[in-house]
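**Student:** For reference, TrEMBL lists these features for the protein:
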{"type": "DOMAIN", "residues": "27-110", "note": "domain 'Peptidoglycan recognition protein family'"}
{"type": "SIGNAL", "residues": "1-21", "note": "signal peptide"}
């Protein structure tokens, strides 16, 4: 559950940073289908209210454009689902070096 809300926090942090920097828009979010993600094998929904939020880094390479970021996300999802036997990618959201927030499992799913 900790990893499941990690990237949601990153997105919210970006919103706050942009707000205090004089910008009022939230970061762009690329949906899973836009980066070529596979559907989850199964879904488990989070209990609310959420008590903790974890911010975590991945050990993947850097990406500075959409194609490279999408490739890293696809490889990460494949690794999580095939090698670790997860139902989906192990993060709700991820942030690329291109500044875009990428949907992983998405909102409300752990």
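Using the three backbone atoms N, Cα and C, a Cβ is placed for every residue, glycine included.
The structure displayed is predicted, hence computed values, not measured ones.
Give me the structural setting of these features: burial, nearby parts and distances.
**Tutor:** According to DSSP, the secondary structure content of the domain 'Peptidoglycan recognition protein family' (27-110) in residues is 21 helix, 10 strand, 53 coil.
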**Student:** Averaged over the domain 'Peptidoglycan recognition protein family' (27-110), what pLDDT does the predicted model reach?
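**Tutor:** Its mean pLDDT is 89.
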